[in-house]
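Below is one structure, written out as structure tokens, with a few remarks after it.
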Amino acid sequence: MLRFTDEHEWLRLDGDVATVGITAHAAEQLGDLVFVELPKVGAKLTKGEAAAVVESVKAASDVYAPLSGEVTEVNEAAVADPASVGTDPQGGGWLYRLKLDDPSAMDELMDEAAYAAFAK
């Protein structure tokens, strides 16, 4: 299940763990990414809380926790090569994995069609 937020994050659910990243739209708006800061594994995040930072030559932008949960894994490759987040944001450029407190909360987020209309 793939869902999107109005802050331009995407989540892909596998069981009760969601992989989180920025959308292609957000990556396009930011331009070339030069720095990525990710949350610590084990961190408890609350929906709406700043969880990560992506920085481009244009601007630094917070990435917000789309839902509440615990960080189970971070993408160290994204830290080592921030440009990968911009070139493959919904693939190899994922940011972190979040064990959701309530996986059913995914239903509150936008599906791909709704996000496409929102991002226009």
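Glycine is treated like the rest: Cβ placed from N, Cα and C.
If you look up Swiss-Prot, you'll see 17-99 marked as domain 'Lipoyl-binding', on the strength of sequence analysis. Annotation comment: Swiss-Prot describes K58 as N6-lipoyllysine.
In the three-state DSSP scheme, K58 (N6-lipoyllysine) is classed as coil.
The number of other CB atoms found within 10 A of the CB of K58 (N6-lipoyllysine), across every protein chain shown, is 12.
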